[in-house]
Structures are given as C-alpha cells and as structure tokens.
Ligand code: SAM
C-alpha cells in the first residue's frame, strides 16, 4: 500500500543516520559494525511503521535486528517511534528488501521475518509476492544453513500460495498455524500493526520454515 509523502520524512531520516542506513551495499559483510555488540542478526522485510521490530528488539536484547522498508514516509514513522526509547540492537534500512542478497553476504542472517506482506492478488503479479521463488532464492543466499523464515498474514490466499511456494522450493516446515491467536504460541507472539488491526476480523496464519541444507 502506497502512503502519501510526508515532507518531514526525508530531512528526519537524514538527521538520524546513526539508526538508519540509506546505502546498504556499503555495509556488505559489515552489518555488525552498526551495532553495539556482535550478536545473531534477524531481519524483517517490509517493516512498516516498526511496531513489531521495535518490540522484538526490546524483548530480545541478545539479538541484533534490522527493519527493512521500501517507503520513506513509512520508515520515517518507524524511526520516530523507535527514537522515543531507542535500544542499541535495532537498525533500519530504507531499501527494497527483495534484493537482500545484494547487501548481505552468504549465511549472515539467522532469521527473516515477513509480516503481512503485500498480497499482490492478481496471478500476473505473483512474482512480486515476497514469498515467491525468486525472493526465496535471495533469502536462501543470505540465511545461515539452519536459518528460518517466519511468515505471518491474515490473507488466506497469500498464505496458501506461500505454503505451496515454500514446499515447491523444497523447504522444511517447522511450524504452521491456521489460527495463531488461538494457539499456545500466542502467548509469545509479538503483534505487528496490521495484525492488531486485522485480527478481530479473522484468523492470523503463521508458518516457520527453513531451507534444507
Ligand atoms: N509488516 C508491517 C505489519 O505487519 O504491520 C507492515 C505490513 S504492510 C501490508 C507491507 C509493508 O511492506 C509496506 O510498508 C510496504 O511498503 C513494505 N514492502 C513491500 N515490499 C517491500 C520490499 N520489497 N522491501 C521492503 N519493504 C517492502
């Protein structure tokens, strides 16, 4: 979903470049330098306004998190929320996360989160879905051998497509829920902004999968 341009966003981002990266290629193999401590790296692609990744960074101080978002106005809002109470283990990146293998090196990442990714419902747009095989190849390049993808959505069509796409790619499923909020895992679940908005209308689907080594 496209968001209206916010005039304050660009100067705000430029002012806070210690927390947001605008030239991700220059950190190839050096992402740990952006953090106070070297620790496992988890990346969210399509981080939106940052609710999930900001809470995750607070909940798991022994993990370094990176939130990637394509839209300047959206990531500026995430950055502004984060700066209300910043933690040393979260960085944002303004870029297209589909190209992760252009700015992360092989096996650099432990986990990739895809939360409420745009569904691109038309068949002719299937290649744009962040769970389509072209993107899975990029994720495989940068994930550790036993690294995981965690995917949540409220969109049944996208979930079914993603199950098929991961399965056809030869991935191994670690966890599948057709109603996350009614499962025992709900207790540990960190909600995204879309999840909070849409869960009253129906179930939240979740899967966790890894590439076979
Ligand atoms: N993850 C958030 C949540 O669950 O509330 C936001 C979900 S919103 C439907 C999808 C977000 O992904 C949008 O902010 C969009 O700009 C972003 N996005 C879509 N494709 C992307 C890509 N290739 N790289 C980075 N961000 C992307």
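Using the three backbone atoms N, Cα and C, a Cβ is placed for every residue, glycine included.
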Site-mate of 69, 96, 118 for S-adenosyl-L-methionine in TrEMBL, selected among 44, 84, 148: 44
Listed co-binder of substrate (same site as 122, 192, 193, 194, 195, source TrEMBL) among 85, 146, 154: 154
Spatial neighbours, same chain, of residue 154 (substrate binding site) - Cβ under 8 Å, 6+ residues apart: 116, 194, 195, 198, 199, 201, 202, 203, 204, 205
Collapsed DSSP category at residue 44 (S-adenosyl-L-methionine binding site): strand
Where the record names 44, 69, 96, 118 as binding S-adenosyl-L-methionine, the maximum Cα to Cα distance in Å: 14
Residues 122, 154, 192, 193, 194, 195 [recorded substrate binders]: greatest CA to CA distance in Å: 25
